[in-house]
């Protein structure tokens with residue numbers, strides 16, 4: 001009996017341990033795993049924040065203050081989630097830049113790129129719905145301006161805006177549906193990310209030279225785990241500086 005020969009564990013072993021990887025990958029290839037870590041951080045902190053958040057126009061802002069003042073470790077949860085969103089976007093933009101620079105979108109990896117675009121659009125939607133939840137000044141006007149863009153669509157634009165708002169102005173119904181969507185979208189993101197990873201592993205990663213070779217490959221573990229670990233530690237230090245020394249710099253003071 002071998003644990004690694006069982007269906008689930010053998011699949012994990014194939015994709016996470018023995019996965020053949022080009023030996024000349026640089027640190028630029030570490031931003032994919034880093035983006036996955038950011039997503040996990042956002043989901044974990046978000047679930048705990050949702051336990052204390054009240055999606056109501058009269059109570060939402062107060063519930064944020066309740067998290068900051070009354071919940072043990074609440075300040076850390078909120079700052080990790082708020083700054084984690086910024087870190088997530090920075091990491092993903094660097095991941096996209098690497099893909100563009102090294103032509104990771106070229107044949108036969110077009111589907112990987114297409115799924116990446118879907119993930120990026122889902123991230124934008126998730127970030128926007130989350131920005132509205134504290135219900136500060138910028139939350140309200142951000143929701144008003146961005147959703148009003150749909151009114152530019154001919155004929156049905158105004159109807160779509162009314163449907164998005166759940167009424168004739170941004171109000172409690174809007175906040176409630178944004179809270180619901182902000183809770184749902186990250187889990188759709190996880191599914192899309194797994195598809196993205198599966199599509200990548202169909203043909204394998206490209207490399208800085210852009211030359212495909214089946215010969216010059218090594219196992220992902222332990223070599224690239226250690227290499228990624230260096231990036232994770234550097235990211236943890238960078239992330240911690242924002243959380244503990246400048247937690248509100250990346251936000252809006254009037255929100």
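Just so you know, glycine gets a Cβ as well, placed from its N, Cα and C.
Under the heading domain 'Cytochrome b/b6 N-terminal region profile', TrEMBL lists 1-209.
TrEMBL lists 210-255 with the feature domain 'Cytochrome b/b6 C-terminal region profile'.
Sequence annotations record features per position, and here TrEMBL assigns transmembrane segment to 27-51 (among others). Proximity of distant same-chain residues to the transmembrane segment (27-51), defined by a Cβ-Cβ separation under 8 Å and at least 6 residues beyond the stretch ends, is recorded for 67, 77-78, 80-81, 84-85, 87-88, 91-92, 94-95, 98, 101-102, 130, 179, 182-183, 186-187, 189-190, 193, 205, 208, 224, 227-228, 230-232, 235.
Feature annotation from TrEMBL assigns transmembrane segment to 115-133 (among others). Note on the transmembrane segment (115-133): residues 46, 53, 55, 60, 85, 88-89, 92, 96, 99, 139-140, 142-143, 146, 174-175, 178-179, 181-182, 185-186, 188-189, 192-193, 195-196, 199 of its chain, located 6 or more positions outside it, place their CB under 8 angstroms from a CB of the stretch.
Positions annotated as transmembrane segment by TrEMBL: 140-164 (among others).
Summarising the annotation, TrEMBL assigns transmembrane segment to 184-203 (among others).
Positions annotated as transmembrane segment by TrEMBL: 224-245 (among others).
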